[in-house]
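Below you'll find the structure, written out as structure tokens, and then a few comments.
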Amino acid sequence: MPKRQDIETILVIGSGPIIIGQAAEFDYAGTQACLALKEEGYRVILVNSNPATIMTDNEIADKVYIEPLTHDFIARIIRKEQPDALLPTLGGQTGLNMAIQLHDSGELEANNVKLLGTELESIQQAEDRELFRTLMNDLGVPVPESDIVNTVEQAFAFKEEVGYPLIVRPAFTMGGTGGGICHNDAEFKEIVTNGLHYSPATQCLIEKSIAGFKEIEYEVMRDKNDNAIVVCNMENIDPVGIHTGDSIVVAPSQTLSDVEYQMLRDVSLKVIRALGIEGGCNVQLALDPHSLDYYIIEVNPRVSRSSALASKATGYPIAKLAAKIAIGLTLDEMLNPITETSYAAFEPTLDYVISKIPRFPFDKFEKGERVLGTQMKATGEVMAIGRTYEESLLKAIRSLEYGVHHLGLPNGETFDLGYIKERIQDQDDERLFFIGEAIRRGTTLEEIHEMTKIDYFFLNKFQHIIDIEHDLKSNKGDIDYLKFAKNYGFSDRVIAHRFDMTEEEVYDLRQQNGIIPVYKMVDTCAAEFESATPYYYGTYEYENESVVTEKEKILVLGSGPIRIGQGVEFDYATVHAVWAIQQAGYEAIIVNNNPETVSTDFSISDKLYFEPLTEEDVMNIIDLEQPKGVVVQFGGQTAINLADKLAKHDVKILGTSLEDLNRAEDRKEFEALLHTIDVPQPNGKTATSPQEALENARSIGYPVVVRPSYVLGGRAMEIVNSDAELEDYMNQAVKASPDHPVLVDRYLTGKEIEVDAISDGETVIIPGIMEHIERAGVHSGDSIAVYPPQTLKQEEMTTLEDFTIRLAKGLNIVGLINIQFVIAHDGVYVLEVNPRSSRTVPFLSKITNIQMAQLAMRAIIGDKLVDLGYQPGIQPYTEGVFVKAPVFSFNKLKNVDITLGPEMKSTGEVMGKDATMEKALFKGLTASGMEVKDHGTVLMTVSDKDKDEIVSIAQRLNEVGYRILATQGTARKLAENNIPSEVVGKIGGEDDLLTRIQNGEVQIVVNTMTKGKEFERDGFQIRRASVENGVPCLTSLDTVVALTRVIESMTFTMKNM
């Protein structure tokens, strides 16, 4: 069937900011889809609120709108652009929900916009729990015993019939938001209430729990001629009951018999045909391990996290082909881009095993609720490819960057067996490692199976890994056994530990005996057809399929899994660096292990190695490819931390030299440099023991900021106000990096400024300066950043420019540098310098139209900025005001305190742009998920130190018609200043403030309680209650002032005469 001729312009809705449950996989899918539609000759208009993505680059679509993803804003774009069609299935749940709202409001019909791909009725049939259940019953496909409810009372009526355990699944939500497993009335009431709140349709499915069944997924494609194929089937190692995004997944499935495989395949295809899906679709099934009984759990009628994984696991580009199916092409007329000889209608076959392991944020949120259930908690994931299951699992484990390299925890031997078993029963994020520890102690597989319901196939593989580990000890230095262990994915580091050698000695031993990996191609067809992809994985076999070319090569290190502090911004920079390398005529090679991102799309680089980012795995690739050099400054801290390890092997680090990278990180050397170039920094000292830290803090004077050196995203960084708080910190956090000392700095309150600059060693250019709304002390990744600065004086701007140039030249920067300054009452101070790409690079690149990562890469290759047409210093300003606002995923993480401080907590970001600061802020706040209303009720409860400042804010909010609720102390302060407020009861009393929040009476919460380390503190409960009830809670008064400005600009003030 030829493609549709009745449409010319297509609107694509992106997925917005990165949150838990909706991460970089949609940047990858959306980028692929937009390019596929352009390739077919359509005009593409993209709307997405996330500036950190490749998808929102001007090259990806004909017109890019970075605007809030709300009904009103998208409707404005539709009215302005008059697209012929809308493609809703590539923007995750956000894109789908938007399409449904635009359809229901009549906006699409009024503007003659057709929906492409899967019909809306089909989407609703798959997403609406009631309609889906009815269809399954008609098809004779079993679904778990369940009921659809719209109220808590209905839920309890169903519970009386079937009893616990029950699973609650809210309709039209993403990543299991608001859902969970319930074992008693209290849990049930809380989860159902939450679920109804988070579901846009106020609807939940309550189903009898089938936890313990195997969870199997089929990634399927169908076109309008009813051709349907299975791209990939995957098996969750964790049984049903843990969200698939939080499960360890293996592809292809390992434990299904042929009968089971075919039965579930047939069901998957039958269901997507009945639904009329056109494009990609994910089917989740539950299989009874003891019989052929199965249930269908759910169907995602869109591109999903699993389809990104399936694309990378097979090399089959699902999103690209789904976009082409949406415009009328069929599977039997599209070529598979990997082989370029076979058609897309051929099902991929794999001759390797892939493992996916989720990356959790609990290294940042140590007090977070770690137990896994039906609500997703992982921020990202890693994938690894091997020829055996053991190899792919161990490669995935060492890709996670938890400091864990093996099936066990670093301090595993210190735990007693009782504790280990308790942790296994908890089913939390560390369960896999505790299972390894239990096997080491001789716990039987039967007992572990009883506790976890994990299939014996996998438990036997874990046992095999522990057996090899054990035998390494008794075969110290044995070359054959070394080879055997390498076949099963053991790293040099783990072997070295068992052989009583250093990692270098094992590396040398391998080199001398020719035990080196070969690289195999991922070709979608198990080598049945000729294939032309440059997509490889390493394994210890005989034939190397990665042909080394004569061309000069540059190797770029990617940034690994998405986590808090290291998001998609670094993938963005990686991709741009690769494009610049190719333009300069070099061969670009990427090493990365994140299946969700654009950088691991095989069509981006000349060669992609899907491997762990460790010294050993990267060196193996360098030994084969012999690149001219390696680029580390685009891959975040992951890549920077590998620089010195690679340099030990005489690998050339391109761009800023290793000595200079270390000079920026090493406290003493950095202080010496600042002294030489005459740039001031807050008074600070270095401590190697708790005693020394106390002496330092007393001599500097409280408050002080304490942190370990060499960290990203402010990990383990805190502001402390007293000896007691400091002692508490030193006892908990110094472990954060034992070989590195702790820095103790004077905490300066003032405006925080962030600058990104590019240097070629001679000329320094500054694309832009950003001012933070929150004063220093809030991590730059969690602050609202504004471009251009709104409150800086000209002489401050000149000083910032001057200091930036001095720092870039003083550190001999070649490439990018990111600097944070604070402007205190007595001048400008430098807070920190990062000699690498930062998380603001995409944001500034989009605003200024200076492709910073590409320009930095050209400087690294040796081009001069002056020859490229740039003048030194601050570049000309772009018209308008641009705001970068953080986005948090607190509603997915229980027990996490949302107070902003020096430790980063946001998972993503959005951009708001308009002619004025207020309008840009309104867009930024709206895009971040905050509903900004021009009237309503604000609850204020602030600490003593903030009481003076809250008065003027309350005055302004009162004048635009906001009602004020306040706790006793705050209300007293307001009354002294003639500002009316209603006093609310303390927690636990009658009509207390938590009840007010839960009943939906409050639109904004302002809370700056003194920080108590213990959870029981009222402030913590207030903050959590607001998150769990979807009420914006602001913990920094600077953010409140910004919000007040926006509210004032939307409305009129009412003052009496």
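Any Cβ shown, glycine's included, is placed from N, Cα and C.
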**Fill in**
Joining Arg707, Arg746, Leu748, Glu752, Gly777, Val778, His779, Ser780, Glu832 at the ATP 2 site recorded in Swiss-Prot, out of Gln732, Gln820, is Gln820
**Fill in**
Cα nearest Gln284 (Mn(2+) 1 binding site) among binding-site residues (Gln820, Glu832, Asn834) -> Asn834
**Request:** Tell me the Cβ neighbour count for Gln820 (Mg(2+) 3 binding site), meaning other Cβ atoms within 10 Å of its Cβ, over all protein chains shown.
**Result:** 20
**Message:** For the C-alpha pair, I'd like the distance in angstrom between Glu832 (Mg(2+) 3 binding site) and Glu298 (Mn(2+) 1 binding site), rounded off.
**Reply:** 48
**Item:** Cα distance (Å, whole number) from Glu298 (Mn(2+) 1 binding site) to Gln820 (Mg(2+) 3 binding site)
**Value:** 47
**Prompt:** Could you give the Cα-Cα distance between Glu298 (Mn(2+) 1 binding site) and Asn834 (Mg(2+) 4 binding site), in whole Å?
**Reply:** 45
**Prompt:** For Asn834 (Mg(2+) 4 binding site), which residues in the same chain are close in space, meaning a Cβ under 8 Å from its Cβ, but six or more apart along the sequence?
**Reply:** Ala664, Ile817, Asn818, Ile819
**Local confidence of the region 'Carboxyphosphate synthetic domain' (1-401) - pLDDT mean** = 93
